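Now, the feature entries from Swiss-Prot:
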SIGNAL    1-18  signal peptide
DOMAIN    25-249  domain 'Peptidase S1'
DISULFID  Cys31-Cys163  disulfide bond
CARBOHYD  Asn44  N-linked glycosylation site
DISULFID  Cys50-Cys66  disulfide bond
ACT_SITE  His65  active site, charge relay system
DISULFID  Cys98-Cys256  disulfide bond
ACT_SITE  Asp110  active site, charge relay system
CARBOHYD  Asn121  N-linked glycosylation site
DISULFID  Cys142-Cys210  disulfide bond
DISULFID  Cys174-Cys189  disulfide bond
CARBOHYD  Asn185  N-linked glycosylation site
DISULFID  Cys200-Cys225  disulfide bond
ACT_SITE  Ser204  active site, charge relay system
Amino acid sequence: MVLIRVLANLLILQLSYAQKSSELVFGGRPCNINEHRSLVVLFNSSGFLCGGTLINQDWVVTAAHCDSNNFQLLFGVHSKKTLNEDEQTRDPKEKFFCPNRKKDDEVDKDIMLIKLDSSVNNSEHIAPLSLPSSPPSVGSVCRIMGWGKTIPTKDIYPDVPHCANINILDHAVCRTAYSWRQVANTTLCAGILQGGKDTCHFDSGGPLICNEQFHGIVSWGGHPCGQPREPGVYTNVFDYTDWIQSIIAGNKDATCPP
C-alpha cells in the first residue's frame with residue numbers, strides 16, 4: 001500500500017497539458033475533507049488522468065475520453081501529501097461505453113462505466129453518490145470539484161481538491177458560445193455567465209453534484225477555462241441512468257440514448 005501511495009503521489013504531481021479536453025476547478029476553494037467522498041482519481045504510469053465518481057461499491061462513472069491503457073483508480077484521497085488511512089486502490093475489471101458512440105468525436109456520449117476488480121469499502125472518506133432521480137432545472141446551484149488547475153494560464157495545481165458552486169444554464173448559452181461544434185441534447189450547460197468559476201484542465205470525468213445527486217460528468221468547455229459566457233459542458237447523467245442500471249444488472253447489450 002505504501003508503494004502504491006508513493007506512486008500515486010508522484011503521478012498526481014506529474015500534471016501537464018497532455019489532454020486538451022481535460023478540465024479543472026478554477027475559482028473555487030479547498031474542499032472540506034468529507035465533501036468529496038465519492039470523488040475518484042484515475043491514473044496510470046504516465047501520470048494523472050481524470051476524476052471519476054463512485055456510484056456503488058463496485059462501479060465508477062467517468063468520461064469516455066478519459067479511457068487509457070492500464071489505469072488504476074484511487075479512492076479516499078484528500079491531500080496529495082498526507083495519507084488517509086482508509087485510502088483504497090482498485091483496477092478496472094470491465095469498461096463499458098455507449099455502443100452508438102461516434103468514434104471520431106472524443107466527447108460524443110462522453111460516459112464510461114467501470115466495474116471494479118473488487119468492491120470498495122465505505123469509510124470515513126469513501127462513499128458512493130446517488131444517481132439522479134430527475135434532471136436538474138435551469139438555475140439550480142451545483143457543485144464541481146477536482147485537483148485541476150486553479151489558475152487557467154499557469155501550471156498551478158492544489159494539494160487538496162477544490163470545490164466551487166456554479167449554475168445550470170440554458171442550453172442556448174452553450175450553443176451560442178460553441179457555435180463551431182454540436183452541443184448534444186444529452187449534455188448540461190453549467191457555469192457562471194460572468195466567468196471566474198469553472199472546471200479546468202485535469203478535472204475531466206469528475207462530478208457535477210446538484211441536490212447531493214450525481215447529475216453531470218465534466219466533459220469539455222472553453223479554453224482557457226472560466227471565461228465569461230463560455231460555460232462548461234457536462235454529460236447529463238440522468239439521460240444515461242437506464243443504460244447505467246441495465247449494464248449493472250448484467251445487460252451488456254444495453255444501448256444509450258441517441
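Just so you know, glycine gets a Cβ as well, placed from its N, Cα and C.
Scoring each of the disulfide-bonded residues (Cys98, Cys210, Cys225) by how many neighbouring Cβ atoms lie within 10 Å, the top position goes to Cys225. The Cβ of Cys189 (disulfide bond) has Ile168, Leu169, Asp170, His171, Val173, Cys174, Val183, Pro231, Gly232, Val233, Tyr234 as same-chain neighbours under 8 Å, each 6 or more residues away in sequence.
Counting every protein chain shown, the number of other Cβ atoms lying within 10 Å of the Cβ of Cys66 (disulfide bond) is 25. The distance from the Cα of Asp110 (active site, charge relay system) to the Cα of His65 (active site, charge relay system) comes to 6 Å. Neighbour count (other Cβ atoms within 10 Å of the Cβ, all protein chains): 31 for Cys200 (disulfide bond).
Computed over the domain 'Peptidase S1' (25-249), the whole-number mean pLDDT of the model equals 95. Within 10 Å of its Cβ, the residue among the disulfide-bonded residues Cys50, Cys142, Cys174, Cys256 with the fewest other Cβ atoms is Cys256. A gap of 30 Å separates the Cα atoms of Asn44 (N-linked glycosylation site) and Cys210 (disulfide bond).
DSSP assigns Cys50 (disulfide bond) to a strand. Here is what falls inside 10 Å of the CA of Ser204 (active site, charge relay system) among the recorded positions His65, Cys66, Cys142, Cys210: His65, Cys66.
Note: the CA-CA distance between Cys225 (disulfide bond) and Cys163 (disulfide bond) rounds to 15 Å. A C-beta separation below 8 Å, combined with a sequence spacing of at least six in one chain, links Asn185 (N-linked glycosylation site) to His171.
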